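Asks: Next up is a structure, given as structure tokens.
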Amino acid sequence: MIDIIEKNWEQILLNLKEEHEISDISFKTWLLPLKPYSFKNNTVTIIVPEQTFLAYVKRRYSLLMKVAISEFLGVECEIEFKLEDQLAEANLSTEPQLIEKNNTSVSPDVIQSANLNPKYTFDTFVVGSNNNLAHAAALAVAESPGEIYNPLFIYGGVGLGKTHLMHAIAHFILKNTPTSKILYVSSETFTNELIDAIRNKNNITTTEFREKYRNNDVLLIDDIQFIIGKESTQEEFFHTFNTLYESKKQIIISSDKPPKEIETLEERLRSRFEWGLTVDIQSPDYETRMAILQKKEELEGYNIDNEVIKYIATNIKSNIRELEGALTKIVALSRLNKCDITLELAEEALKDIISPGAQREVTPDLIIQVVSDHFGLAPLDISSQKRNKEIVYPRQIVMYLCRNMTATPLQAIGRYLGGRDHTTVIHGADKITADLLKDETLKNTIEILKKKINPQ
Ligand SMILES: Nc1ncnc2c1ncn2[C@@H]1O[C@H](COP(=O)(O)OP(=O)(O)OP(=O)(O)O)[C@@H](O)[C@H]1O
């Protein structure tokens, strides 16, 4: 009987996918890696390749699989899932064709009010050996919010995809349940709004603050390390966490370190963070870097010689934000100079970033990249001639940070910022210095930006 199952495995999986409208991403992550191993006493043993998700696959797919196989064989059978290393290797290859289904789109208003970046979805996230566990955990949470891994704690170094993955979970949930109440915030926003509420600034009261954060089906808090050390914020977050957790609402947290390594985290919060699942994202290997660059190329509609892509992937290793920034810079330079993208152009464009053996240097480019990311702008907006408030303020922050964190001369800072005069740079930086004396939330933002730019 196992022969028949093996031979028709692809079809069984596809039937199951279609019948239950399982998305491509769930299909690829959970079902494709499964392999039938044996059939004894009416029980089909199926191999699951990954320990962390054995319980999840059992819980979510046992019944569906049992029905699919029983229907296919015409006999009622039981299912058991086992880990690969508990059994001999099953030599099966399954590469079913994927079928695109279930493409309901969520309204841009909903996406905006949840604070989500429309580009950060599972579809645009490249899965590699550095992030496959985090990706699978994120998908499990997206499929069963509040049920299985609560909280989900994602940690990893700067610019490795934590925010992207968090947004992907939120998009997935909204697509399946458009009425879900979802809120994504950075811990900086949480802190700043709490400060405002306590001071009753901007007409927010503490009751409204609590309402906003506790009345959600899914709350995502990014970069939790930044609320650490602020007692009142930890206290408030502790209560927010409890309220959500007790009503089985999903909490997703990201940080640069695992809970046990965050020194100033109160014990009661640390233990709560460890109630669910903690997963990490590492730096991408060469293949993943190549795949990310190729994905970006495809999404942006670029057509770049593979040698150039290889050059970037070989030389920029630790941070995906920098990897993407390098590609953007090369494209911008070729457009500006109206020339082709060649290896020579890439070498010229990246010479400041790629200095062999050098520490990660703080450059105006890096500052522009981090600040624009932080404010949800494109780096080109910062150096553009646009004068709207949403851009002018981050641009002045860039001026301030360039003056404080680099030795770049004022004229050169002006050039990085679209050919501005050095007096404009002085004015911008001075404005931020003056505001810092009276604006606590700005102080907080600058502190966070500095840590993002220079994590040591
Ligand atoms: N696996 C991936 N596939 C495609 N793009 C990725 C991937 N990982 C990261 N990126 C891209 O890299 C950039 C930085 O990612 P992101 O902001 O999610 O990092 P982060 O870990 O949250 O950083 P930070 O610690 O600064 O908050 C984003 O543009 C994101 O889309």
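Positions of Cβ are set from backbone N, Cα and C atoms, glycine also.
Copying in the features that TrEMBL gives for the protein in this structure:
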BINDING   GLY159, GLY161, LYS162, THR163  ATP binding site
DOMAIN    148-280  domain 'AAA+ ATPase'
DOMAIN    363-432  domain 'Chromosomal replication initiator DnaA C-terminal'
REGION    1-91  region 'Domain I, interacts with DnaA modulators'
REGION    335-456  region 'Domain IV, binds dsDNA'
Asks: Tell me the Cβ neighbour count for LYS162 (ATP binding site), meaning other Cβ atoms within 10 Å of its Cβ, over all protein chains shown.
Replies: 25
Asks: Please give the average pLDDT for the domain 'Chromosomal replication initiator DnaA C-terminal' (363-432) in this predicted model.
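Replies: The answer is 92, the mean pLDDT of the model over that range.
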Asks: Would you mind checking how many other C-beta atoms are within 10 angstroms of the C-beta on THR163 (ATP binding site)?
Replies: 20
Asks: With H, G and I counted as helix, E and B as strand and the rest as coil, say where DSSP puts GLY159 (ATP binding site).
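Replies: In the DSSP reduction, GLY159 (ATP binding site) maps to coil.
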Asks: Centre the Cβ atoms of GLY159, GLY161, LYS162, THR163, go out 8 Å, and tell me which other residues of that chain have a Cβ in range of the ATP site.
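Replies: Neighbours within 8 Å of the Cβ centroid, excluding GLY159, GLY161, LYS162, THR163: GLY156, VAL158, LEU160, HIS164, LEU165, SER254, ILE281, ILE320, ARG321.
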Asks: Kindly report the helix/strand/coil residue split of the domain 'Chromosomal replication initiator DnaA C-terminal' (363-432) according to DSSP, in that order.
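Replies: Final tally across the stretch: 51 helix, 0 strand, 19 coil.
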Asks: So if I draw a 10 Å sphere around the Cβ of GLY161 (ATP binding site), how many other Cβ atoms end up inside it?
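Replies: By my count, 24.
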Asks: Please spell out the DSSP helix, strand and coil residue counts for the domain 'AAA+ ATPase' (148-280).
Replies: 69 helix, 25 strand, 39 coil
Asks: Which chain-mates of GLY159 (ATP binding site) that are at least 6 residues away have a CB under 8 A from its CB, listed by sequence?
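Replies: Long-range Cβ contacts: ASN319, ILE320, ARG321, GLU322.
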